Amino acid sequence: MAKEKFSRNKPHVNIGTIGHVDHGKTTLTAAISAVLSRKGLAEMKDYDNIDNAPEEKERGITIATSHIEYETEKRHYAHVDCPGHADYVKNMITGAAQMDGAILVVSAADGPMPQTREHILLSRQVGVPYIVVFMNKADMVDDAELLELVEMEIRELLNEYNFPGDDTPIISGSALKALEEAKAGVDGEWSAKVLELMDKVDEYIPTPVRATDKDFLMPIEDVFSISGRGTVVTGRIEKGVVKVGDTIEIVGIKPTQTTTVTGVEMFRKEMEQGEAGDNVGVLLRGTKKEDVERGMVLCKPKSITPHTKFEGEVYILTKEEGGRHTPFFNNYRPQFYVRTTDVTGSITLPEGTEMVMPGDNVRISVELIAPVALEEGTRFAIREGGRTVGSGVVSKILA
């Protein structure tokens, strides 16, 4: 079994397949696992196995996603593939599958199609930083000029959405033929194309910065006063590291405050430092309990700033998902749940959009009634009377 060999001593990268329906995303996913399994770097996963993706609930939204893992000589990969277009939209917006990079699958026989464009735009909006292209079904195209034409079209499309189209690696091949070869136990020309694709993914998509190496950020969940010691705030560290003696800022809701960390505790034990993923209590010097509240964040000074206006890419839940039963219109005022708290905000719809129906995916402008620590890529939920009616990601800070 290949399973025994899986080790964590290689850098870990999250990727996924994106692209138009029926262009071969799932077949490529199966082909990658099959070709790499011949080298003992993966377990072979069947097409049907990947296609019958289990439904998962992410923030109340039902998403069908397949997760597979495999290795190359250089890295360990977690790979997501979604059966339906709506699943991709939900996945990318909720951040259920954070991708460090994506493999865009385009059929050489059809060229870029509407969802090809939509997935590239979504990647730009939700912050998928790198795209590598696999031109699939190349076995069905005899004309080399036609392949070149499709490649040019793909590069133009990437450029249009501010991806470096001219420098993006594009590999042409056939996922189906590679899968057939691997199943027959043959290392043929089509399998070689899949290996070439994975080499490009290894080279072109950088290893992500580990959460502990990023700037410190901790959303505040609760505030306590400990007599004789001062104020303690608790929460789960989102990124970075915090040490006793660090100068930090408290950002959001009220004007930004600067203070010093005088203690870090986990499970009532004193620690030298807390790091990404830890649930900790942080003791703050000279900070009054009434100056701090849930919804603010502790952070490294100047690393994140409070904002009230932003553009976001959102998915609005269907009635079946527990969302609204009716559309909403311009100036709709729900609550925006960011990290640990709700803040009311008003929504401005894009020009020409009269209303938004449950199940829609739309770009909105939001103005909050109180400032919140925000940056591009911050996720939020849209709530109404305590229930989630939408999910979104900040695509641009406006003010």
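Cβ atoms here come from the backbone N, Cα and C positions, even for glycine.
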Which of these ranges is annotated region 'G3' in Swiss-Prot: 81-84, 225-228, 229-232?
81-84
Long-range neighbours only, meaning 6 or more apart in sequence with Cβ under 8 Å: which ones does Thr26 (Mg(2+) binding site) have?
Thr17, Tyr47, Ile50, Asp51, Ser66, Asp81, Pro83
Would you say which of the binding-site residues Lys25, His85 has the most Cβ atoms within 10 Å of its own Cβ?
Lys25
Do any residues at least six apart in sequence from Asp22 (GTP binding site), in the same chain, have a Cβ closer than 8 Å to its Cβ, and if so which, in order?
Ser107
Sparsest Cβ surroundings (other CB atoms within 10 Å) among the binding-site residues Cys82, Ala138:
Ala138
Report the DSSP secondary-structure composition of the region 'G4' (136-139) as helix, strand and coil residue counts.
2 helix, 1 strand, 1 coil
Cβ-Cβ under 8 Å with the region 'G1' (19-26): same-chain residues at least 6 beyond its ends:
47, 50-51, 66, 81, 83-85, 104-107, 110, 112-116, 119, 136-137, 175-176
